[in-house]
Every structure is written in C-alpha cells, then in structure tokens.
Amino acid sequence: MSRSLTGALAHGFLGQSPLWYKAVICLFLVLNPLLLATIGPAAAGWALVIEFIFTLGMALKCYPLMPGGLLLIEALLLQMTTPQALYEELQHNFPVILLLMFMVAGIHFMKELLLFLFSRILLGVRSKAMLSLLFCVLSAFLSAFLDALTVTAVIISAAVGFYAVYHRVASGANPREDSALDSDQQVAQLHRDDLNQFRAFLRSLLMHGAVGTALGGVCTLVGEPQNLLIGHEMGWHFADFLLKVAPVSIPVLGAGLLTCVLLEKLRLFGYGTLMPETVRQVLAAYAAEDDAARTQAQRIALWVQGLAALILIICLGLHVAEVGLIGLMVIVLITAFTGITDEHRLGRAFQDAMPFTSLLVVFFAVVAVIHQQQLFSPLISWVLTLPAEQQPGMLYLANGLLSAISDNVFVATIYITEVKQAFLNGSMSREHFETLAVAINTGTNLPSVATPNGQAAFLFLLTSAIAPLIRLSYGRMVWMALPYTVVMGGLGWWAVTYWL
C-alpha cells in the first residue's frame, strides 16, 4: 500500500513532466536550505535565480508557475524575502497586472475582426514576398496597440482553419466536418506533395507573423508587458515611450521588414515556399461559401469590433486611463453591443491571460528576493563604472543574452529596478537613466527572438495545435529566427550604442 501511495504521489507531482525534471526540482528544493545554512543568503539567492531561469527555459516540460511557485514558497518560508515585500512589489507593478487581466481579455473579443483581416490578406495577395510583408506589417501594427499573444493566437487560428480545410479535402472528407488532422493516412498520394508544400508555406507565414509581433511590440508602451513595466518606472505615457525608443525601434522595424522580403526573395532559412494553386482554389471556394452564409448580426459584430479597436487606439494615444482600464472598457463595449451576456462566454476571454498573470506574481517574488539580498547590485555597480558611452550597449547585451534563454518580463523587471535604485542613489543623471531604460527595453525585446523561450508569442506558437501539423519544431524555429536575430539584435545594439 505504501509503495502505491508513494507511486501515486510521485506521478501526481508536476503531472506529466519527465522523471528527470521532477528529480531536478526536488534537488533544488533540498539544496536551497543547505546553501542558506552553510554558505549564506547571497549564495542561496543566486541559486534561486538560476533555478527559476531553469524552470523558464524548460517551459515545454512543465509550465513554470508550478515549479517556480514551489521554489518561491520555499524562499518565503526560509525568510529570503517576506510576504509584505512581495505585496509591495505587486502593488508597485499593479498596472502591468491590470494590462494582462483586462487588455488581453478585451482583445479576445476582437478575434473575429482580426481573423477576417488575416484571411482576406492570405487569399487576396498572390505575391509571396508581398504577402509575407503584409503579415509582418499587420502583426507589428496590431502588436504595437494590442497584445502580441492575442495577435499570434489569431494568426494561428487562421492557419489552423486553412490547414484543416485543405487536409480534409485532400483526405476525401467534408471540409466542414471534424477529422483527424494529425494523420496523413487518408491523404491521397496525389495531394501529398501539395500538402507538404502548404505546410512549408504556413511555417514561413507564421514565423514572419511572430517576428512581426516583436518588431511592433518594442515600439509602444502597450506592445509588451515589460514595456509598460519600464514605462511605469520611468513615468512615461504612450507618446513619451514611443518617442524615447524610436531611435532604436524604427530603424530595427525597417531592417526587420527588409529582412522579411529578402528571405522570401532569396528563399533562405526555410522561407520562400509558395502556396500551391490547387490549395488556393480549395480555400477560395470555402471562403466564398462563408461570405455568402455570413448573417447580418455577424456583419454588425465586425463593425462593432472595428469601432472598439479605433476607440482603443485613440484612448491609448491620449492616455485617458491606465491601460488595463481601457481594456476593460473594450470588453464592456464589444460585449454590450454584440449580445455577449453569458457569464461563461465572458469567462473564456480571461483563460489565456490568467496563467501568465499568476506567473508574473512569481516573477515579482523573485525580484523581491533579489532586492532583499541585493544580488544584482554588484553587477549594476560594475556596469556604472564603465565609461558612460559604453553602459547602454553593455546593458543591452546583458539583457539580450539573458532574455534569449529566460522570460523577458522577468529580465526587464530585474534590470530596470536595479538601475532605478542606482539613479535614486545619485549615480547618474535623469538623461542617462532614460538612455539606460531604453537599452533595457530594447535589449529584452529584440535579441530574445533567438529562441522560443525569450518571446512569449514564439513559445505560444511552438506549443500550439498548429506546430506539429506543419512540422514546426524547436530547432526549426531557432533556425528560421536566426536571420532576424542577427539583424534585429545587431542593429539594436548599434543603435543603442551610437544613436541614443
């Protein structure tokens, strides 16, 4: 009986995660008290930071909230920080929590409009280079005002929908009836080459779209959660943030869009595959049937969502309220005028954001430990001993390398908090502080496209339903992101070092 209970407990601990991963987390939990008792709080604090970064890097094995949360509960019990310090950290960053709670949910109710736009572009543009550029531009524009995860989710939804239609037709099934999309056994030999080509076509479009969210997300206060966090620390509103980061973000945006076109024209790194004509004919016929069947209520819903999007952009530009409250307004407007009054339908809009919001609380708990143990103070002090003109570039590199393997919100939180403390201590001027803030913001946003771990949108794409269908693996994502990483990361460093 005891063996079965032990086995059940071991199986339930962290669920379907590999046994080696469970063993590593248990080792961390045993190691931390020993380090605290033998070497001291600084060593235990650094161990905690490294362990938490490990959980972020292994996000595909287990969502970091559970293992990271266990580590932080232990840190609280070991008094490496206090519940009061965590509460004050959350209170200080409350606008970011509001953003994730309400803005992401608000954009959820615009999905039909966004899906309509991406579908029209996909079928209306025949040039692959122009189509890729439009996907990248639209993703960048939407991510500058909306939420990158939601924009990525919409692109994925469009891709899954189109893939499902053609896969069913190629399998001899009704395109409007459910079928197994993960098996090619029923696909006629005649259609197999076209299906594989269509997969490569969708892979390239999805990667362009995901990179577009990073290109646009770095530009504005609401583009990424860490932007709002940094803007809040600096006292910047929407227009302030846009102008401060423009010397870096605008050149990088232009270079990223140029890279998109060149990759398609030169057919490098897995890009350049065209949509087979047979696939286009099937999808166009399906879309025409959908248009004919669209009801008046559905058309009105699209207009309401479009008007709400316009109001959202105006309110953000004028900073009429905190970003999260504007998101709540969008929820009220769209649901009130489209007849969404059921509590369960409302609740689904919050499902995507709440896990990450909970994880963000764990981020801030780690930051509270870092503050209490002063872990990053020596590093920041060393950077500040460098000549002033070298400091932005060095911070950019430090942020970029860590953001590529960890979560950029976590990295940005650590660095902006430590640099602000140095500013408050009189170690730099306000102008130099703003320069370093831009370096931290761009350093966490641009080089982090190198791996799926760095960008939430990339990780979301990798773990989505479409990834196995179109054969998009971790390694393939890294390979396809490589040219963007070099261009965006390299030009970003140059701009931070020489143009700020």
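Any Cβ shown, glycine's included, is placed from N, Cα and C.
Computed from a predicted structure; not experimentally measured.
Residues 47, 51, 54-55, 58, 61-62, 66-67, 70-71, 74 of the same chain, all 6+ positions outside the transmembrane segment (11-31), place their C-beta atoms under 8 angstroms from a C-beta of that stretch. If you look up Swiss-Prot, you'll see 11-31 (among others) marked as transmembrane segment.
Below 8 angstroms of C-beta separation, residues 24, 28, 64, 68, 71-72, 75, 78, 80, 362, 366, 369-370, 373, 375, 402, 405-406, 410 of the same chain, each at least six residues beyond the ends of the transmembrane segment (34-54), sit close to that stretch. Marked as transmembrane segment by Swiss-Prot on the basis of sequence analysis: 34-54 (among others).
Feature annotation from Swiss-Prot assigns transmembrane segment to 58-78 (among others); the stated evidence is sequence analysis.
Taken from Swiss-Prot, the feature transmembrane segment applies to 96-116 (among others), supported by sequence analysis.
Per Swiss-Prot, the feature transmembrane segment maps to 121-141 (among others).
Residues or ranges marked as transmembrane segment in Swiss-Prot (evidence: sequence analysis): 145-165 (among others).
Annotation source Swiss-Prot lists transmembrane segment at 205-225 (among others). For the transmembrane segment (205-225), the list of distant contacts is 96, 99-100, 103, 122, 131-132, 135-148, 151-152, 155-156, 159, 231, 236-238, 241-242, 245-246, 248-250, 252-253, 256-257, 260, 271, 316, 323, 360, 408-409, 441-442, 445-446, 448-449, 455, 457-458, 461, 466, 470, 472, 477, 480-481, 484, 488: same-chain residues at least six beyond its ends, Cβ to Cβ under 8 Å.
Residues annotated as transmembrane segment in Swiss-Prot, with sequence analysis given as evidence: 311-331 (among others).
Residues or ranges marked as transmembrane segment in Swiss-Prot: 350-370 (among others).
For 394-414 (among others), the entry in Swiss-Prot reads transmembrane segment, with the evidence type sequence analysis. Within the chain carrying the transmembrane segment (394-414), a Cβ under 8 angstroms from the stretch's Cβ atoms is held by residues 52-53, 56-57, 64, 93, 224-226, 229-230, 360, 363-364, 366-367, 370, 376, 379, 383, 386, 436, 439-448, 450-451, 453-456, 489, 492-493, 496-497, all 6 or more beyond its ends.
Long-range Cβ contacts of the transmembrane segment (450-470) within its own chain (Cβ-Cβ under 8 Å, at least 6 residues beyond either end) map to 56-57, 59-60, 148-149, 151-153, 156, 159-160, 163, 167, 181-182, 199-200, 202-203, 206, 210, 213-214, 356, 403-408, 477-478, 481-482, 485, 489. The annotation transmembrane segment is assigned in Swiss-Prot to 450-470 (among others) on the grounds of sequence analysis.
Annotation source Swiss-Prot lists transmembrane segment at 477-497 (among others).
Across the candidate stretches 121-141, 145-165, 311-331, 477-497, the maximum count of CB pairs under 8 A to the transmembrane segment (350-370) is reached by 145-165. Long-range contacts of the transmembrane segment (121-141) within the same chain, counting only residues at least 6 positions beyond its ends with a Cβ under 8 Å from a Cβ of the stretch, are 151-152, 155, 158, 162, 201, 204-205, 208-213, 215-217, 219, 253, 256-257, 260-261, 263-265, 271-275, 280, 283-284, 287.
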